[in-house]
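Quick look at what Swiss-Prot annotates:
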DISULFID  C35-C38  disulfide bond
DISULFID  C101-C128  disulfide bond
TOPO_DOM  1-8  topological domain 'Cytoplasmic'
TOPO_DOM  26-43  topological domain 'Periplasmic'
TOPO_DOM  61-67  topological domain 'Cytoplasmic'
TOPO_DOM  86-141  topological domain 'Periplasmic'
TRANSMEM  9-25  transmembrane segment
TRANSMEM  44-60  transmembrane segment
TRANSMEM  68-85  transmembrane segment
TRANSMEM  142-160  transmembrane segment
Amino acid sequence: MTPLFRKAVWLLFAVSVCAFAGSLAAQYVLGMEPCVLCISQRLCVLATALCAAVVLACKPKGRVGGLSGAVFISIPAVTGISVAAYQLWLQSLPPGAAPSCGAPWTFRLKGWPLFDWFEPVVRGFGNCAEPDYLLGVALPVWSAAYFLAVVLTVWWAWARAK
């Protein structure tokens, strides 16, 4: 792993941890109620941070190792982009025309081991079709911008690595 690629992955790890902490702060400090799709995006942010940590721990060697690391980090980021795009589509529909966004995560994961530890991360019953804003921009737009920045950064760092 080249120094540039390693620095980029460290940056992505740090930004992902901050974004995850920010999503928890928005829920538990600011009182914003996340919906099922918001929680899915939160889990994609957490997965991006964990993938970056795994890449840093494994220290991939050479161009192919960097490629595998870039792909590994990109998977949850691309998933997050698709979830954010779907939520933006739901929010663009006329009131009452949006389909349900599914069962709450707390219901889906209730019987899983260690659920009590994980439950604060997936708690939320907000409406997916009702937009929340930060600085005048819908939260799924911020989420999509974050995920796009992750993908562009990791692939830029991989392409620049020699």
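Using the three backbone atoms N, Cα and C, a Cβ is placed for every residue, glycine included.
Feature map: Swiss-Prot annotations on the structure.
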{"residue": "C35", "record": "disulfide bond", "DSSP class": "coil"}
{"residue": "C101", "record": "disulfide bond", "DSSP class": "coil"}
{"residue": "C128", "record": "disulfide bond", "DSSP class": "coil"}
Original post:
Hey, which of 9-25, 68-85, 142-160 has the most Cβ-Cβ pairs under 8 Å against the transmembrane segment (44-60)?
Top reply: 68-85
Subject >> Long-range Cβ environment of C101 (disulfide bond), under 8 Å and at least 6 residues apart >> reply: C35, V36, L37, Q87, L90, C128, A129
**OP:** List the helix, strand and coil residue totals of the topological domain 'Cytoplasmic' (1-8) as derived from DSSP.
**Re:** 6 helix, 0 strand, 2 coil
**OP:** Quickly jot the same-chain residues contacting the topological domain 'Cytoplasmic' (1-8) by Cβ under 8 Å, restricted to those at least six beyond its ends, or write none.
**Re:** 55-56, 59-61, 65-66, 69, 153-154, 156-158, 160-162
**OP:** Give residue numbers and ranges for long-range contacts of the topological domain 'Cytoplasmic' (61-67): same chain, 6 or more residues beyond its ends, CB-CB under 8 A.
**Re:** 1-2, 5, 158, 161
